[in-house]
Amino acid sequence: MKQLLGVINLDHELDHLNELTYFRCGAAVPFASRYRLIDFVLSNMMRAELESVGLFVRRKYRSLMDHLGDGKSWDMNRKHGGLFILPPDWNDPTDTSLGDLQHFHNNLDFFKRASAKYIVHSGSQHINTIDFQELYSYHLEKGADVTLVYKKIDHLEPEHDPCLRLEVDEDGNVLNIHHEKNHPNIYMEMLIMEKELFLEQVEYCIAHGESYFFRDAIQKRRDKLKIAAYEYTGYHAVINSVASYYKNSMKLLNHDEYTDLFHDNQVQTKIKYEAPTRYLESANVSNSLVANGCIIAGTVENSVIFRGVQIRKGARVVNSVVMQKCVIEEDAVIENVILDKDVQLSRERILVGDSKRPFVIAKSSKM
Amino acid sequence: MKKKEMVAMLLAGGQGKRLKGLTKSIAKPAVYFGGTYRIIDFPLSNCTNSGIDTVGVLTQYEPLVLSSYIGIGSDWDLNRKNGGVFVLPPHEREDGSNWYRGTADAIYRNLKFVDQFDPEHVLILSGDHIYKMNYNAMLQYHLERKADCTISVIDVPLEEASRFGILNTEEDLKIYEFEEKPSKPKSTLASMGVYIFKWDVLRRALLDDGEESHSSHDFGKDIIPSLLSKGKAMYAYPFEGYWRDVGTVASLWEANMDLLSDNPPLNLNDPSWRIFTRNPNQPAQYVAPGAKVSGSLINEGCIVRGEVKHSVLFYGVEIGEGSVITDSVIMPKVKIGKNVRIHKAIISENTVIEDYMEIGTDRENEDEILLIDNRSKKRKSVPAKTI
């Protein structure tokens, strides 16, 4: 779909995942045994065959850059277009732009060079499997200036609190955008609009000393725009806290959730050349997701195990998330724990967190 | 082209008839192994890990899967500006068109390919063995002895020696005789089909052999004996690691089973010697509540609800509740229903096994490895025969 230009804007995403975001931005947090949060939006964009994708980053993006490389894993290493990682380095003394508008202003060339007529804007905290082509058709059909994507949530959870809500009429037009906590229509931080209109809005906002594209160009000026709403009904998870990270990781052990996320939607990630996982004679695994390259001799229950993890004989991993290359020695026990990458847990060590507030162990710790 | 010290030529044209249904539509080197690999991943990864960046892959039988699998070689880091991997099928020339008549003929017909890199040495490999080997260490050995040809050998039990090409050597491992499958072997040094030749020596020998009308154009039968008779300096290079010829259904099954012990003789988890492969990019494997998995190798994309014991599962395999899989190799995207019993079998790619099927549980011949694909699925509760 050469008509679409992808914009992934990480500017306003707060790194609220404590230990997991000490050294990386939220988009680079590992999720679902072998992915990082950014993989889901990038894979959606890949499936819709967008011409180019610009990724606006500001802080702690080293591990994100390492993960993305030249975009090959998402088929975005192209002669024309492909993946552009756009960090905020720019020193124009006359530049008066603020907030995420600064990104757009500083990278006008990225927008102008692309032949695509429409932009699709997204963050990385809402994990979903949206079909951008369908969104595009819907947008054209509605003849709207902007189409916003929302998900109607039956049971609101604490992680939905920071999300904006859309009030939508029967014809799918947005009546209001607000923060009322009990409203079920969660704005998924995804929108589609014509590129020219987008750039006009950016210019206007900068001229008026504004700083935040969505708030100032869309929310505040909603009377001046025809705003449509697109209801997304597939898999959806918001990852904006340790609690929501843990809860949604555990939810993937429910087979319906796993199927919703992965069935028919190939999610791409950086390739690691790991061997298949080896279960030793003493292994005892149930209700768990396990990536490749692991060697499992112990017990694993209700857990999410990333690539290259070693769980030795007698060790027990229960209700936990164990990231890449962790080693859990003989007879160690973890329960309700999130171990970040490369954690080594020595023999007979016991760590028990609370199911509501899991214990998080920072990257490369030796315990 | 920049001059290369050594170019590898990988013989991947064979059909591998003894692998039966597994090579019905793919060449032997493309056959699956070890839960995620194809056989050819081993020599290709050995090249990459040994610092050899120029590899010609000689194909003939059913090349499509193999050549699309190799692609531009990026999975093995062989997508290079100078060098890289090249798939070399037989081609028509001014003097006519011919299939490759033998292993030596395949190289003979690609002299121009090798010549463009002007290498000092050529490494000849075959695409049907499972092993991890540092070819660079072998090259150093070859250089130290100023050899014209170095042949990698493995010590085999005397009673098995007559299945191999056997090298008879002096004490310093200088070869004086080569016997192809001797009935009374004089030594236990079996050729692994890994040769390093000085390119100018091999080039001359290939040109002579190419003219020879009653030659079978084979390295073992023609080139090596002829070089020996000319008194060339030929040495055996002893290799001590794990090496398996996986040319038959039984040996392929055995080599898969070798990966399942608690300390397998072939370590696939060594970060300093990775085996690279085309990644199918599947979500993590899911082991359901009530499932039992032990002594097994399982790839991503599998969903296990039953019991898997001492078996190898490739990607995308689904195993239903109540099913028990033992001592088996299940190839990619096989769907196994509920309450199925499978024992000592290889189930080939994309096969669907219906609920309550029993395969290999009531066998007469314990040594036989059953090979099952979609055509043999109708057999219920009876041991399906090898096809």
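Cβ coordinates come from backbone N, Cα and C, glycine included.
These come from TrEMBL:
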- B:8-260: domain 'Nucleotidyl transferase' (DOMAIN)
- B:Tyr100, B:Gly165, B:Glu180, B:Lys181, B:Ser191: alpha-D-glucose 1-phosphate binding site (BINDING)
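Features recorded in TrEMBL, as mapped to the structure shown.
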{"residue": "B:Tyr100", "record": "alpha-D-glucose 1-phosphate binding site", "Cβ within 10 Å": "23"}
{"residue": "B:Gly165", "record": "alpha-D-glucose 1-phosphate binding site", "Cβ within 10 Å": "21"}
{"residue": "B:Glu180", "record": "alpha-D-glucose 1-phosphate binding site", "Cβ within 10 Å": "13"}
{"residue": "B:Lys181", "record": "alpha-D-glucose 1-phosphate binding site", "Cβ within 10 Å": "12"}
{"residue": "B:Ser191", "record": "alpha-D-glucose 1-phosphate binding site", "Cβ within 10 Å": "22"}
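Mean model confidence for the domain 'Nucleotidyl transferase' (B:8-260) is a pLDDT of 94. Taken over all pairs of the listed alpha-D-glucose 1-phosphate-binding residues (B:Tyr100, B:Gly165, B:Glu180, B:Lys181, B:Ser191), the Cα spread reaches a maximum of 23 Å, rounded to the nearest whole number.
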